[in-house]
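Take a look at the structure set out below.
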Amino acid sequence: MGKKDSYIYVILTSVVCFWGLNVVMVKYLSFFPPVVIAAIRMLIAAIVLTPILFVKKKEKCKLSVKQWLFIVAIGSTSIALHQILLAWGLQHSTAGSSSLILALNPLATTLLAALLLGEKLSIRKGMGILLGFTGVIIAVTSKGDGHISFGLGEIIIFGSMLMYVAGGLFVRGAKSTGLPVWKLTAYSQWIGAIILAVLSIGIYPTSIFQEMNTSWFTWFVIFCSGGISSGLGSLGWNYGIQKIGASQTSIFLNGMPIASLLFAAWLINEPLTYLAIVALLCTIAGVYLGSTSRSVKIPVCNKSREV
């Protein structure tokens, strides 16, 4: 790691820590209806990202119909549906187990890319997928009496993760059209926020806000979750991808379940058991194997060598 790139690693580490904390924050906010809290958080994230559109205004880039379709698809899947299912699932599951399921993102992406896009699935990546899912099964069974019990909460969180993966596949297609990352991020965030706002207003009366605990601390948590974790977090992540590439950036995702488990134990008193640690190690190892390629060193004959 060069000194000039060290700040990128600091940014990505901070992003992953906030994403891990975000699972705990959404769990704390589970007294809100899922659609309502998702709408509020994503609206804040969209507002935080809006200045980018003005800063980058000089970079003219007229969007085609195809690019707009990609933006709508991304906003619908990886933002709207992902956030609704995340908030709903955390009402029925623990933050720790949920974070491990969400950490399967790169493995699920690899698997779906192989099934839907015809990408090659190596033995190494296959082992990573198997190990990662084993970790999640251990995490789920460690909550109960030792029997496999994939409950409603875990199923919903798994669906949330799949929606994010689907959005990621749409992002691949959008990038192939030359759509700038900053426009893709900001516009898709607004699309998702608008969808969530319409659903929220259509399902719930405005009087529901008067019945909720909206203390200053609650709003502080909402702002941190929406503005920092979702808004600035997505910016930092995309910036990292641009600077060091997607493969290196994805390795940092290993830190998300670690952060979630530690924050959950510290802030909301979720038990950190030995089985949870074993599950964490399995998931991290699986994600690492499934999202990285084995480097092959070619021997080079040198006339001299350093001692």
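Glycine is treated like the rest: Cβ placed from N, Cα and C.
Listed features, source TrEMBL:
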TRANSMEM  7-29  transmembrane segment
DOMAIN    10-140  domain 'EamA'
TRANSMEM  35-55  transmembrane segment
TRANSMEM  67-88  transmembrane segment
TRANSMEM  100-118  transmembrane segment
TRANSMEM  125-142  transmembrane segment
TRANSMEM  148-172  transmembrane segment
DOMAIN    152-289  domain 'EamA'
TRANSMEM  184-204  transmembrane segment
TRANSMEM  216-239  transmembrane segment
TRANSMEM  251-268  transmembrane segment
TRANSMEM  274-290  transmembrane segment
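Proximity of the transmembrane segment (7-29) to the transmembrane segment (184-204) is not established, fewer than 3 Cβ-Cβ distances being under 8 Å for residue pairs spaced 6 or more apart. The stretch in closest packing with the transmembrane segment (148-172), judged by the count of Cβ pairs under 8 Å and taken from 67-88, 184-204, 216-239, 251-268, 274-290, is 67-88.
Tallying C-beta pairs under 8 angstroms between the transmembrane segment (35-55) and each of 67-88, 125-142, 184-204, 251-268 places 184-204 first. The stretch with the most CB contacts under 8 Å to the transmembrane segment (216-239), chosen from 67-88, 125-142, 184-204, is 184-204. Ranking 67-88, 100-118, 184-204 by CB pairs under 8 A with the transmembrane segment (251-268) puts 100-118 at the top.
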